[in-house]
Number of protein chains: 2
Amino acid sequence: MNPNTRSTPHSTPRSTTRSTTTVPLGDRSYPIHISSGQTDTLGRSIRDAIPGISHAVVVMDESVVDPWGDQLCQSLVNGHSANDQAVRVSRIEIPSGESSKSIEQFDRLMQWMLRENSDRASVLIAVGGGVVGDLAGYAAASFTRGIRFVQVPTTLLAMVDSSVGGKTGINLPGAKNMVGAFWQPSLVLVDTDVLSTLDEKIFLSGLGEVVKYGVIEDAEFFAWLETNADALIARDPDALRHAIETSCQCKANVVGEDERESTGRRAILNYGHTFAHAIEATAGYGTLLHGEAVSIGMQMAARLALSLGMFDEASLVRQTELLRKCQLPIDYADADPAKMLPVMMKDKKVAHGKLKFVLPSRIGCVELVDGIDDDLVVAAIGQSTASR
Amino acid sequence: MNPNTRSTPHSTPRSTTRSTTTVPLGDRSYPIHISSGQTDTLGRSIRDAIPGISHAVVVMDESVVDPWGDQLCQSLVNGHSANDQAVRVSRIEIPSGESSKSIEQFDRLMQWMLRENSDRASVLIAVGGGVVGDLAGYAAASFTRGIRFVQVPTTLLAMVDSSVGGKTGINLPGAKNMVGAFWQPSLVLVDTDVLSTLDEKIFLSGLGEVVKYGVIEDAEFFAWLETNADALIARDPDALRHAIETSCQCKANVVGEDERESTGRRAILNYGHTFAHAIEATAGYGTLLHGEAVSIGMQMAARLALSLGMFDEASLVRQTELLRKCQLPIDYADADPAKMLPVMMKDKKVAHGKLKFVLPSRIGCVELVDGIDDDLVVAAIGQSTASR
Ligand SMILES: NC(=O)c1ccc[n+]([C@@H]2O[C@H](COP(=O)([O-])OP(=O)(O)OC[C@H]3O[C@@H](n4cnc5c(N)ncnc54)[C@H](O)[C@@H]3O)[C@@H](O)[C@H]2O)c1
Ligand SMILES: NC(=O)c1ccc[n+]([C@@H]2O[C@H](COP(=O)([O-])OP(=O)(O)OC[C@H]3O[C@@H](n4cnc5c(N)ncnc54)[C@H](O)[C@@H]3O)[C@@H](O)[C@H]2O)c1
Ligand SMILES: [Zn+2]
Ligand SMILES: [Zn+2]
């Protein structure tokens, strides 16, 4: 919430509803523009940010083509002033769903880009949730060894998490995100209006990651969420922009300090995730949405921290209540520690069989803790069925 | 040939036949060790260079498994001192030939690495020519968004060119190297003994790139080649090491100044290549070996430079004679300018339809020249059939 990262007001009447956050990565730094009610000028923003753009490769989730993808393509082509160069637009639709993060879709995308005479100067624009962002980002990283790309996230999760930070990739059968690249976008364009068509459960699931930022880094934001959860659930644009901007700033700062997950700093973004991944894997992918699993996982992590004496009961209750307000699940009756532990041991964040957890010491602060007794982990999972 | 880049002698008796060149890329710098007669200790060198290596993923061209791949795997496993950790070795063979630079082989490699329980700490080792190096390098760049890798080039072309500089990738149907990554190895291990099993024509073709380095950067080396071409053709180890080391130093310096081909500096490595690519494409891939096409392409480029008045006849004759001594083709009777020109216009080095050529101004010095008249290009191709 640093006022210095806000951009100067735009010259259109709707300008006051746009703010900008920067991901600080030296010569790879890029802005995240966050607006409401400006979906008809997204293409214009891309042309402004990438002067001289002559070929746009627009990769869209099939569910967002009408109206968001269409609007974007139109504003890429139209409305340019006389001295602008025309932009050639190539467009492709990706089937909705996690199964599109595959080598097959990657191959299809590459061959299509080639047929569309894409070259190193082409700019790829990803319009969709994390699935399309991850797939298209990896395509941008790989086509002629890397072309520029723009993220236009259309789910809350993609706005606050997957579109920021440069992780791109696809899945292998049975293993998520095994193949990919670190490849930063040139620009991220968020407009909260696109959330109007998003399914309720998917929208709420994104709040899991939003709450995460409050716990790991920002007690003030956590308190703001306690007060404004209802406005967020009602998709109030002002509340959404504030939540998205604050979340992006948190992620941007962490990514700026540890772009490639090499110093350990970036690991704090995995709060709740070691448990969540194990829940997702043992429950069968698709049973729970990712943000729902993260919500349950954060509860497990907080209980583990409590049992280690590093976190207090009152803070745990605050986290529980906020997640409840966000209509997120806080326990998972079918959690099976006997199945979850082996999955946690195989997690690719584990080097040579040593488990690490990101655990809260208070609201707004987490630590990386290793060498934890299996029994305590089992207990933290098990208590999931008790309603606290 | 800067003596400062040579390493201090190794402590084994055979040490005097090993030298080291460094690719200067800041925290991504890496050494190229060049030896003769040490193929039984390549695994040892990898263990020395990457302390703590516990899982090696060895990707081999099927034609070099016996004896080179086997020797390397054995020396990875054996001969470690008591306080060394054991290295688990996973090995896979790749079918020989350009068609292995495909999404299918990439997918196969990724799925196999997963089955072998590879993780972020695994080290990929590529043993083969440019095909296996490019494919395996892209696999290393992509598996869990990047793992360390080692190049063990087994063709002369791979030793002096493809294993150095971090370009990795695969082909799309009809388009070479369209998909890939810039991903630097941690180490390059060259032993000239592995060339003993290499086909004569393929060996000679590698000399095309060696001559290239003389023309673009190093007149002294060019003169050395004029004197020592016969020793090289006889695969004399001392001559080979000198030629490989000097070539690698040249490429390393250029790559160090322009890792991602963004400043234009790296373009000088493409001397002869705009013509060569067009010859390869119109002749049908496989008719000519790459180094042969480069030889012909350098002759075309030199003639173009001559016609522009920037290069002299005597220097052209020296280049022609050296290529002849290396038993490389200096013209191509079937070269068809009408077919080659459109290919050159589509070359991915061309941004927005403007052709550029790397042309010599004297032996040891090239310049990037654009805006050249098509007629002169056609003439330079056409004279190919005349024997000069
Ligand atoms: N790269 C990263 O750093 C990162 C971080 C977190 C998650 N992820 C990845 O993100 C993916 C999950 O992303 P997601 O939750 O956005 O899922 P998603 O992309 O599958 O989108 C969820 C669903 O919503 C639909 N949809 C998207 N936007 C819509 C809109 N505006 N209106 C109507 N429908 C819409 C989609 O078609 C899909 O069915 C996972 O693959 C995960 O691995 C990546
Ligand atoms: N990455 C780069 O910077 C770069 C630069 C130049 C070329 N390349 C790529 O390199 C590839 C060509 O490389 P190449 O010329 O090494 O071809 P290659 O890898 O196909 O090897 C040529 C042949 O020699 C065989 N072989 C290799 N080593 C052998 C040995 N020691 N003994 C016996 N047989 C052996 C192989 O099986 C193959 O049949 C092309 O795909 C080209 O695009 C990449
Ligand atoms: Zn998450
Ligand atoms: Zn070449």
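Residue positions begin at 1 at the first shown residue.
The backbone N, Cα and C atoms fix where each Cβ goes, and this holds for glycine too.
Unlike curated records, TrEMBL annotations are generated automatically.
The annotation NAD(+) binding site is assigned in TrEMBL to A:96-101, A:130-134, A:154-155, A:LYS167, A:LYS176. A:SER100 (NAD(+) binding site) carries a helical DSSP state (H, G or I).
Sequence-distant contacts (6 or more apart, same chain, Cβ under 8 Å) of A:HIS273 (Zn(2+) binding site) comprise A:VAL294, A:GLY297, A:VAL358. The Zn(2+) binding site feature in TrEMBL is assigned to A:GLU209, A:HIS273, A:HIS290.
Taken from TrEMBL, the feature compositional bias 'Low complexity' covers A:1-22.
The domain '3-dehydroquinate synthase N-terminal' annotation in TrEMBL covers A:92-203.
Annotation comment: TrEMBL describes A:1-36 as region 'Disordered'.
Around A:THR155 (NAD(+) binding site), taking its Cβ as the centre, 27 other Cβ atoms fall within 10 Å, counting all chains. A:GLU209 (Zn(2+) binding site) is 12 Å away from A:THR155 (NAD(+) binding site) when you measure Cα to Cα. As a summary of secondary structure, the domain '3-dehydroquinate synthase N-terminal' (A:92-203) carries 46 helix, 35 strand, 31 coil according to DSSP. Filtering A:SER100, A:GLU209, A:HIS273 by Cβ distance to ligand 1 (under 6 A) retains none of these binding-site residues. It is 16 Å from the Cα atom of A:VAL132 (NAD(+) binding site) to that of A:HIS290 (Zn(2+) binding site).
For A:GLU209 (Zn(2+) binding site), applying a Cβ distance below 8 Å and a minimum sequence separation of six or more within one chain yields A:LEU157, A:VAL160, A:ASP161, A:SER247, A:GLY291, A:VAL294.
Taking each of the binding-site residues A:GLY130, A:VAL132, A:LYS176 in turn and counting other Cβ atoms within 10 Å of its Cβ gives the largest count for A:VAL132.
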